There are 2 protein chains.
Amino acid sequence: MKGILYVISGPSGVGKTSIIEGTLKRVRNLVFSVSYTTRKKRPNEIEGKDYFFVDESTFKSMIERDEFLEWAVVHGNYYGTPKKFVEENLQKGFNVLLDIDVQGAMTVMKKVKDAVYIFIAPPSFDELKQRLIKRGTENEIDLQRRLEDAKKELSYIPKFQYIIVNVNLNESIDQLCSIIVAEQLKVERFIERLGEYRIFEEGGKADARCGA
Amino acid sequence: MKGILYVISGPSGVGKTSIIEGTLKRVRNLVFSVSYTTRKKRPNEIEGKDYFFVDESTFKSMIERDEFLEWAVVHGNYYGTPKKFVEENLQKGFNVLLDIDVQGAMTVMKKVKDAVYIFIAPPSFDELKQRLIKRGTENEIDLQRRLEDAKKELSYIPKFQYIIVNVNLNESIDQLCSIIVAEQLKVERFIERLGEYRIFEEGGKADARCGA
């Protein structure tokens with residue numbers, strides 16, 4: 001049986017990375033797809049864990065070889081999701097989590113109809129601004145650009161299926177875990193997996209669960 | 001803002017009551033709608049907690065006064081959901097949980113389009129039979145009737161939105177909690193509640209969470 005693709009999106013600075021890290025520790029059978037980017041590595045980031053950091057010519061040749069499920073230029077940098085990694089893991093039955101910008105999510109939405117689209121929103125604009133300032137990785141121009149982009153991005157909320165308002169990290173992790181588990185229990189997905197569960201015969205199996 | 005109606009259904013003996021009890025302890029802002037029945041009280045059952053136990057003439061006069069959201073005759077007994085309790089609690093903003101038979105769920109489905117329909121299934125037929133025998137509240141004729149009904153009931157699974165295969169009680173409680181939380185995070189519901197969350201202004205609030 002094929003895995004489920006979960007697409008997490010939302011403005012810069014909203015806390016996506018922390019929510020995803022907490023969720024990956026708790027949910028079984030879930031892998032994270034590491035994106036490629038031409039953005040400079042931040043001091044706390046790890047190559048191959050947070051991103052694959054590549055130069056622009058490498059990125060462009062990957063575009064030419066059609067190696068991205070989606071790619072976009074965000075705040076002047078390229079970001080892309082490796083197609084092969086996502087497809088292979090879904091085929092193997094793993095659920096796959098993507099952390100991508102809103103443009104990227106719109107692209108994936110056109111290509112992958114049965115994915116689950118989750119928007120992470122800030123409690124308020126002011127809160128988002130404070131978080132970006134606190135992160136201290138942005139200069140004033142970048143900060144203004146990210147805030148302007150965030151306004152546009154919030155207008156895409158109605159295109160998503162779920163929204164998590166990130167007020168409290170632990171609650172947001174709980175909420176993301178709940179969405180991930182609940183989607184595995186959808187009857188429409190279950191019907192595809194009926195043979196595996198064998199409810200009408202003997203046996204049976206249920207593996208959708210949030211670890212404590 | 002209005003609460004969400006969660007309708008739990010599935011064959012007799014599948015473990016609905018235990019799953020619901022565990023869930024009610026963990027999920028905030030959720031009330032259980034106690035049904036009326038003409039069935040005899042089992043020794044472990046409590047009036048007003050498990051059911052309101054009434055005689056047939058009382059039940060029939062409630063039908064005449066249109067006091068049920070749904071009612072049905074199941075295994076020769078009347079069961080009904082009190083309309084007023086459900087509607088008042090939803091209006092007050094509470095989420096309401098119903099535990100009803102499959103016939104009843106079909107009736108509610110026609111009346112309440114935005115409710116969440118969850119089927120609890122046994123891991124297997126044999127397991128269901130063993131649980132009914134273990135419960136020891138059925139005579140042989142009742143047992144056979146419940147098993148035959150269960151076969152019919154399972155054919156209604158595709159009408160439901162979610163399925164929980166009750167292999168392990170704690171996992172099933174986790175799964176029901178996850179469904180309840182996830183549904184509160186649906187963008188379509190969120191848009192109705194936008195004013196409350198005030199994401200585009202200052203402030204913000206998120207109360208969907210499973211307690212540990």
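Numbers run from 1 along the shown chain.
Even glycines carry a Cβ here, placed using N, Cα and C.
Listed in TrEMBL for this protein:
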- A:Gly10, A:Pro11, A:Ser12, A:Gly13, A:Val14, A:Gly15, A:Lys16, A:Thr17: ATP binding site (BINDING)
- A:3-181: domain 'Guanylate kinase-like' (DOMAIN)
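This view paints the features noted in TrEMBL onto the structure.
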| residue | record | CB count, 10 Å |
| --- | --- | --- |
| A:Gly10 | ATP binding site | 29 |
| A:Pro11 | ATP binding site | 25 |
| A:Ser12 | ATP binding site | 22 |
| A:Gly13 | ATP binding site | 23 |
| A:Val14 | ATP binding site | 25 |
| A:Gly15 | ATP binding site | 19 |
| A:Lys16 | ATP binding site | 22 |
| A:Thr17 | ATP binding site | 14 |
When DSSP is mapped onto helix/strand/coil, what comes out for A:Lys16 (ATP binding site)? helix
Just to confirm my parser: what is the rounded mean pLDDT across the domain 'Guanylate kinase-like' (A:3-181)? 92
Near ATP: residues not in A:Gly10, A:Pro11, A:Ser12, A:Gly13, A:Val14, A:Gly15, A:Lys16, A:Thr17 with Cβ within 8 Å of the site Cβ centroid are A:Ile120, A:Pro122, A:Leu128, A:Arg131, A:Asn166
